[in-house]
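Some notes on the structure that comes next.
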């Protein structure tokens, strides 16, 4: 019976961990849904083709929620094979997160290059109507930037000859009319001079270490759950203990 306090302690810790793990799944699910609803146009500017990142987050969050509940059930039930299955799932999540974190850090320059290529293409082919054009407008308006490197990026677009620089570049919409935006001499005094590419990439560089740290921290937290599940399973098996 001296093992009962140890098992009770491990059980409590694993239930708390499983609950936290369930919360992370709910957060991933919420971020995935939010990303699909709100960030779809922006994601299209970062990827060459339409990306499934929001669906991946939704799917991952759902699976984590299910296995978080499974972990709580396995712990309360005291089933060794369920606990081993839970530990196996946590190891898979750990490996997936580790690979994702390393890949994001290693290929950050490729991500920047892809963004430069797709954003430049969106500017050059801007028509103020399609999804990519609306994403460009939203990005310029929210970040208070204009063009790829600056407003001169718009001079080579198909939109500029007949319409000038898009109104989303104006820092004062009430003092910015189409005639001004078609005037290469007057337009610079009406629009932002900061390029969007520099703003986005500087944000990525500044926060890459934070993003990588959070990713690796979450990944290694899976090791705690794996250790708790394996220890509890081994003690229950060795002592033929059944949870009440």
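Using N, Cα and C of the backbone, Cβ positions are placed for all residues, glycine too.
Features reported for this protein in TrEMBL:
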DISULFID  146-169  disulfide bond
TRANSMEM  12-35  transmembrane segment
TRANSMEM  55-73  transmembrane segment
TRANSMEM  85-107  transmembrane segment
TRANSMEM  208-232  transmembrane segment
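All protein chains shown were included, and the count of other CB atoms within 10 Å of the CB of residue 169 (disulfide bond) stands at 26. In sequence order, 140, 153, 154, 165, 169, 191, 192, 193, 194, 195, 196 are the residues near residue 146 (disulfide bond), counting only same-chain partners six or more apart with C-beta under 8 A.
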